[in-house]
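Lifted from TrEMBL, the feature list:
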type     : residues : note
REGION   : 1-26     : region 'Disordered'
COMPBIAS : 7-24     : compositional bias 'Low complexity'
DOMAIN   : 66-439   : domain 'Aldehyde dehydrogenase'
ACT_SITE : Glu305   : active site
DOMAIN   : 467-548  : domain 'Aldehyde dehydrogenase'
Amino acid sequence: MAARRVSSLLSRSFSTSSPSPFRSQGRNCYNGSRVVRRFGTSSAAEKIISPSVQVSYTQLLIDGNFVDAASGKTFQTIDPRTGEVIADVAEGDAEDIDRAVKAARKAFDEGPWPRMTAYERSRIMLRYADLVEKHSEELAALETWDNGKTYQQAKTAEVPMLARLFRYYAGWADKIHGLTVPADGNYHVQTLHEPIGVAGQIIPWNFPLLMFAWKVGPALACGNTIVLKTAEQTPLTAFYAGKLFLEAGLPPGVLNIVSGFGPTAGASLASHMDVDKLAFTGSTDTGKVILGLAANSNLKPATLELGGKSPFIVFEDANINKAVELAHFALFFNQGQCCCAGSRTYVHEKVYDEFVEKAKARALKRVVGDPFKKGIEQGPQIDSRQFEKVMRYIRSGVESNATLECGGDQIGNKGYFIQPTVFSNVKDYMLIAQDEIFVQVRRADTNNIVDLAQHRLVNGRFVGVGFRDVDEVIKRANETRYGLAAGVFTKSLDTANRVSRALKAGTVWVNCFDVFDAAIPFGGYKMSGNGREKGIYSLNNYLQIKAVVTALNNPAWI
């Protein structure tokens with residue numbers, strides 16, 4: 001089950017040089033006229049563990065070879081535990097994207113990949129999954145080192161899911177087929193499901209390996225070639241994963257990987273005239289830009305997996321202890337850097353007080369520290385910009401006279417560790433209630449408790465109040481421009497069915513949260529994007545449908 005609780009996404013962030021609104025003074029925090037007890041966390045200032053993996057691949061993967069950027073430029077990828085440099089990585093730009101697209105085009109038009117049998121493609125993907133398992137420790141260590149997520153999460157959940165996803169898509173490779181269609185008249189009609197061609201893919205930094213699989217798996221199963229741009233914060237595991245594909249026998253040019261920045265490499269990929277299809281995971285605002293670039297170039301189709309502001313609805317008959325634990329998981333998982341985080345928690349007024357007290361108590365127990373250490377639940381934020389953005393929001397909450405119940409400060413003096421933070425007496429007009437923060441900050445007001453998880457900053461309206469009946473909570477839960485996911489907690493089958501059908505969200509979890517199986521489709525309603533990833537529906541993103549109509553001369557039957 002642990003391997004199924006994984007999620008995705010990218011955030012837009014802004015930075016501030018403003019200092020923390022308060023510094024730790026023992027275990028107390030002064031907020032206006034109220035002093036609230038602080039909680040203890042594992043000290044991030046303790047000795048940092050040195051990862052047992054070498055960084056061997058920092059160049060671009062183009063046409064089966066690791067090469068320097070055409071400009072010779074590099075950029076630094078940073079250890080979020082310390083703020084220190086892990087490695088210098090090739091900085092791809094428009095010229096490198098063009099080289100990669102040309103390699104992918106040649107591999108598609110002239111190479112063996114789309115022409116080999118689907119069974120042979122599936123065998124290569126299965127060999128790749130075996131190699132992922134063989135090198136699971138290296139992949140997990142690189143993911144933790146470059147991203148800051150716990151090693152336990154990377155090793156026991158995300159790397160196994162990486163292998164599972166490629167085995168799943170390997171199974172689909174030889175089961176993609178068209179139909180024979182009856183038509184009026186003497187005609188034989190068939191539909192062909194053809195690979196779309198060169199797929200451009202842009203993945204985020206919060207789940208680098210899983211997003212790699214969500215994008216690359218279905219594209220390869222359908223017989224396409226790929227140019228993938230990594231997030232500049234987390235390029236290392238994609239290069240290692242690409243190296244394993246070469247070892248598995250993937251032909252040169254089928255998978256090309258370019259590290260670089262959005263305004264240069266990302267924009268060039270989205271607007272390239274020889275890219276046939278685009279897939280992007282990230283913020284809604286960036287998704288709009290991506291869609292415009294795709295449309296204004298060659299009108300390439302684009303699938304977008306974007307932001308969310310997911311409701312987490314707890315009814316009076318719910319198992320409160322389980323709901324509290326899942327609410328905690330839904331917000332703090334992956335340092336809160338998760339697009340489908342349950343960041344609007346609605347609690348029925350009859351169980352509100354019990355829920356609030358238990359939720360606060362659970363947050364106080366959360367252990368923050370070096371993600372390579374056993375027992376650590378939460379690592380650092382991804383980088384300095386994300387860290388500074390979070391601290392700005394915390395300061396805003398204090399200045400708006402919200403009550404800081406706990407947390408709100410940096411842990412240690414190195415890296416980007418922040419205490420899990422709980423605010424109470426928050427009003428809907430406050431900035432911390434209006435924006436998605438992509439951080440582990442929980443809001444509690446007089447009617448409800450809501451976690452403002454580490455979430456994408458897209459100026460989404462935050463709504464969260466206690467509720468009395470089903471109609472009210474359905475209406476309020478749908479009062480958002482997003483529709484990525486939702487959680488419903490009740491013992492009533494009738495309530496679960498009614499609410500899950502009424503919620504305008506791509507995924508609704510009932511008495512569970514963040515269950516991500518390879519076969520379960522994922523994607524959003526409204527401004528949370530279009531298209532679906534994972535499952536059978538993801539294959540549609542990478543296929544063209546062609547109708548072939550042949551006249552029949554005196555057929556025996558039609």
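Keep in mind that glycine also has a Cβ here, set from the backbone N, Cα and C atoms.
A TrEMBL annotation is a machine prediction, not a hand-curated record.
This prediction places the mean pLDDT of the domain 'Aldehyde dehydrogenase' (66-439) at 93. Just so you know, the Cβ of Glu305 (active site) picks up 31 other Cβ atoms within 10 Å once every protein chain is counted. Applying DSSP to the domain 'Aldehyde dehydrogenase' (467-548) sorts its residues as follows: 25 helix, 24 strand, 33 coil.
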